[in-house]
Amino acid sequence: MSRLFDVCLIASWYSSNIGVLLLNKYLLSNYGFKYPIFLTLCHMMACSLLSYIASSWLKIVPLQTIRSRSQFLKISALGIIFCSSVVTGNVSLRYLPVSFNQAVGATTPFFTAVFAYLLTFRREGWLTYVTLIPVVAGCVIASGGEPSFHLFGFLMCIGATAARALKSVVQGILLSSEGEKLHSMNLLMYMAPVAVLVLVPAAFFMERDVVGITISLARDDTKFIFYLLFNSSLAYFVNLTNFLVTKHTSALTLQVSSPVICTGIT
């Protein structure tokens with residue numbers, strides 16, 4: 001029964017992830033809306049609001065408070081790491097093709113295994129480490145044979161990949177460690193506002209005309225607002241199931257089953 005629940009949870013996360021990606025592509029192709037950092041900012045604002053409504057108003061799960069300074073710092077670090085993965089991922093796409101970005105992103109399980117050992121001293125089975133070797137070797141080969149290779153873009157891509165892995169491990173700690181354990185919905189409620197505070201200056205610095213363009217698109221077609229709101233609401237479900245998958249399986253399982261997202265969206 002537990003195995004069936006895990007499979008259904010991963011399937012829900014995977015399908016909702018694909019839904020967000022398809023909506024992102026629809027916004028790009030139909031409206032020319034190519035502002036992933038601002039879109040992620042909308043996602044995080046929706047996560048903050050919907051998590052608060054679910055916990056405080058609807059009482060779906062008990063509202064938990066932050067118990068210590070250490071817990072607060074870990075939650076803040078989680079939000080900052082998440083934003084770092086988004087920003088560096090999008091910077092890398094300015095210098096590298098999407099296909100190569102995906103190839104590098106496939107090494108996320110390797111970084112996850114490394115960070116899990118460094119932070120929690122958790123060791124996987126030897127077979128797990130062996131299966132990660134071809135993945136890393138493939139990335140090295142792809143890097144050497146990539147005609148449009150750019151060192152700075154590659155470093156940004158590696159940084160984004162490592163940040164995604166580190167985020168999975170840190171959220172696993174906050175979801176399972178004794179004394180600091182938070183329900184997935186509560187963790188998302190506290191993490192999302194931190195991400196918003198970081199993404200606001202990033203969006204206005206890297207996508208300076210985004211607010212004016214968003215308003216203009218909304219005036220020209222009111223359905224654009226509906227798509228944006230639906231996209232953000234679906235992203236809340238993606239992030240919630242992301243946390244639940246980490247809690248009920250492991251950070252490494254999350255990254256092995258993860259579709260590579262090259263738009264920087266959660």
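Note that Cβ sites are derived from N, Cα and C of the backbone, with glycine treated the same way.
Where the annotation comes from TrEMBL, it is an automatic prediction and has not been curated.
For 9-258, the entry in TrEMBL reads domain 'Sugar phosphate transporter'.
Summarising the annotation, TrEMBL assigns transmembrane segment to 33-54 (among others).
Residues annotated as transmembrane segment in TrEMBL: 75-93 (among others). Long-range contacts of the transmembrane segment (75-93) within its own chain (CB-CB distance under 8 A, at least 6 residues past either end) are made by residues 36-37, 40, 66, 101, 153-154, 156-157, 159-160, 163-164, 166-167, 170-171, 174, 187, 190-195, 197-199, 202, 206, 262-266.
Annotated transmembrane segment per TrEMBL: 99-119 (among others), in sequence order.
Per TrEMBL, the feature transmembrane segment maps to 126-143 (among others).
Sequence annotations record features per position, and here TrEMBL assigns transmembrane segment to 149-166 (among others).
Same-chain residues lying 6+ beyond the ends of the transmembrane segment (187-204) with a Cβ under 8 Å from its Cβ atoms: 35, 37-38, 40-41, 44-45, 47-48, 51-52, 55, 66, 75-76, 78-80, 82-83, 86-87, 171, 174-175, 210-211, 236, 239-240, 243. Marked as transmembrane segment by TrEMBL: 187-204 (among others).
Taken from TrEMBL, the feature transmembrane segment applies to 224-245 (among others). Here the transmembrane segment (224-245) has long-range neighbours at 6, 9-10, 12-13, 16-17, 19-20, 23-24, 26-27, 31, 33, 39, 42-43, 45-47, 50-51, 171, 175, 184-185, 187-188, 192, 214, 217-218, 253-254, 257, 265-266, meaning same-chain residues at least 6 beyond its ends whose C-beta is under 8 angstroms from one of its own.
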Residues of the parent chain within Cβ reach of the transmembrane segment (149-166), under 8 Å, 6 or more residues beyond its termini: 81-82, 84-86, 88-89, 91-96, 100-101, 104-105, 107-112, 114-115, 143, 251, 255, 264
Spatial neighbours of the transmembrane segment (33-54) far in sequence, C-beta under 8 Å, 6+ residues away: 24, 27, 60-61, 86-87, 90, 185-186, 188-189, 191-193, 195-196, 199-200, 202-203, 206-207, 210, 213-214, 217, 224, 228-229, 231-233, 235-236, 239-240, 263-266
